[in-house]
Amino acid sequence: MSLILFACVVRVRDGLPLSASTDFYHSQDFLECRRRLKTLALRLAQYPGRGSAEGCDFSIHFSSSRDVACMAICSLQCPAAMAFCFLETLWWEFTASYDTTCVGLASRPYAFLEFDNVIQKVKWHFNYVSSTQMDSSLGKIQEELKFQPPVVLTLEDTDVANGVMNGHTLMHLEPAPSFRMEPVTALGILSLILNIMCAALNLIRGIHLAEHSLQVAHEEIGNILAFLIPFVACIFQCYLYLFYSPARTMKVVLMLLFICLGNVYLHGLRNLWQILFHIGVAFLSSHQILTRQLQDKQSDCGV
């Protein structure tokens, strides 16, 4: 019997299944384990990155990072280090194939079902390739598990009904680890300073124009909004650079669009060089946001 029986990839924040292996095991115990895995997937955000839920015949292992988690049903004979090495390899394969925007925009279950081909390939590798060929990878995972043991549950702990777990009110455990970004660069700091300066200029001009327009006419409302909307967009660009946010690329494009349209609308109140300066800063900030990635270690568990 295989050590790794089933695997799936889910979105952490809501447990949406993104892909899964098309395995056909019809034993009652296995189907019950599948049901509990689905329940556990809905609560992954409550647990740290790695965890295991053990039952009488099968065990569930999960490993999550960013907004993607990989889960597996294994036989009890499967070593924990092998299971987590498998999950980490699967995670890297998935994130290399689909970016965070695709994952964040997924709206239906199994939107990436074609990834099953990769799951089967990785699963076959870990089930049938000699463990001596993976000694370095397994040894590294074993060391990590010693220093940071996974959360250990029972399969009964995963059964939740109406907010009650095993007769007790469901308590939220510590949240998933916060996302750590790459260090801020000198060019990134410059983009922040310029963005704050542009935001301040937009706010000052917008407030000044609003005070004047209240006494004169309502035709200036468009100009006021053309100052204030880019002000908000500049501040949000600073936030996107400093902190991780899902669907970051889409948000960056929207903020850049707001700033560009606002400045083009203000061509009568700003000269060409002022407009080019504001748009140039917006492009610089957008570039810095998209090039600053999450800090994460590379996996040694190759296929």
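Every residue, even glycine, has its Cβ placed from backbone N, Cα and C.
These numbers come from a predicted model, not from an experiment.
Record features (Swiss-Prot):
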type: DOMAIN; residues: 8-119; note: domain 'Longin'
type: TOPO_DOM; residues: 1-183; note: topological domain 'Cytoplasmic'
type: TOPO_DOM; residues: 205-223; note: topological domain 'Lumenal'
type: TOPO_DOM; residues: 245-248; note: topological domain 'Cytoplasmic'
type: TOPO_DOM; residues: 292-303; note: topological domain 'Cytoplasmic'
type: TRANSMEM; residues: 184-204; note: transmembrane segment
type: TRANSMEM; residues: 224-244; note: transmembrane segment
type: TRANSMEM; residues: 249-269; note: transmembrane segment
type: TRANSMEM; residues: 271-291; note: transmembrane segment
Integer average pLDDT (0 to 100) for the topological domain 'Cytoplasmic' (292-303): 53
DSSP-assigned states of the domain 'Longin' (8-119) in counts, ordered helix, strand, coil: 48 helix, 29 strand, 35 coil
Secondary structure content of the topological domain 'Cytoplasmic' (245-248), with strand meaning DSSP E or B: 1 helix, 0 strand, 3 coil
Chain residues in Cβ proximity to the transmembrane segment (249-269) (below 8 Å; excluding those fewer than six residues from its ends, i.e. six or more beyond): 99-101, 104-105, 202, 205, 222-223, 225-227, 229-230, 232-234, 236-237, 240, 275, 278-279, 282-283, 286, 289-290
Long-range Cβ neighbours of the topological domain 'Cytoplasmic' (245-248) (under 8 Å; 6 or more residues past either end): 13, 67, 100-101, 104-105, 239, 289-290
